[in-house]
Amino acid sequence: MKTIIVFLSLLVLATKFGDANEGVNQEQMKEVIQNEFREDFLNEMAAMSLLQQLEAIESTLLEKEADRNSRQKRCLGENVPCGDFPCCGKLACEKTFGYGWWYKSPFCVKPSKG
């Protein structure tokens, strides 16, 4: 009988002080959860900014690669009438004496020196 009274008194004391600590524990848990969410949010924001920076770098690299691998636009060869289309490479669109009088248009020729 004495042991039952001791256990019951311990039970009452434990429940009384347990309830008092429960409110403190809940507040601490709320603070911990808020801090974790805050840290997760900051980590997510840092990851998003890093992702945006990587995407910007990737887009510039892809543009450079596309420019490097792209074909030369269509152009006209030597001794071909030019007008709408540009002449290839080192050729220039000039009026010449040889073909100009017949076709009445400039031709792609090598530029004259001098």
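Using N, Cα and C of the backbone, Cβ positions are placed for all residues, glycine too.
Taken from Swiss-Prot, the feature disulfide bond applies to Cys75-Cys88 (among others), supported by similarity to another entry. Counting Cβ atoms from all protein chains shown, Cys75 (disulfide bond) has 14 others lying within 10 Å of its own Cβ. Cys75 (disulfide bond) falls within neither a helix nor a strand when secondary structure is assigned with DSSP, and so counts as coil.
In the three-state DSSP scheme, Cys82 (disulfide bond) falls into the coil class. The disulfide bond annotation in Swiss-Prot covers Cys82-Cys93 (among others), and the record cites similarity to another entry as its basis.
In sequence order, Cys75, Leu76, Val80, Cys93, Cys108 are the residues of the chain that are 6 or more apart from Cys87 (disulfide bond) and have a CB within less than 8 Å of its CB. Cys87 (disulfide bond) falls within a strand when secondary structure is assigned with DSSP. Look at Swiss-Prot and you will find Cys87-Cys108 (among others) tagged as disulfide bond, backed by similarity to another entry.
Per Swiss-Prot, the feature signal peptide maps to 1-20.
Most other Cβ atoms within 10 A: among the disulfide-bonded residues Cys88, Cys93, Cys108, that distinction falls to Cys108.
Cβ neighbour count for Cys82 (disulfide bond) (all protein chains, 10 Å cutoff from its Cβ): 20. A Cα-Cα distance of 10 Å separates Cys82 (disulfide bond) from Cys88 (disulfide bond).
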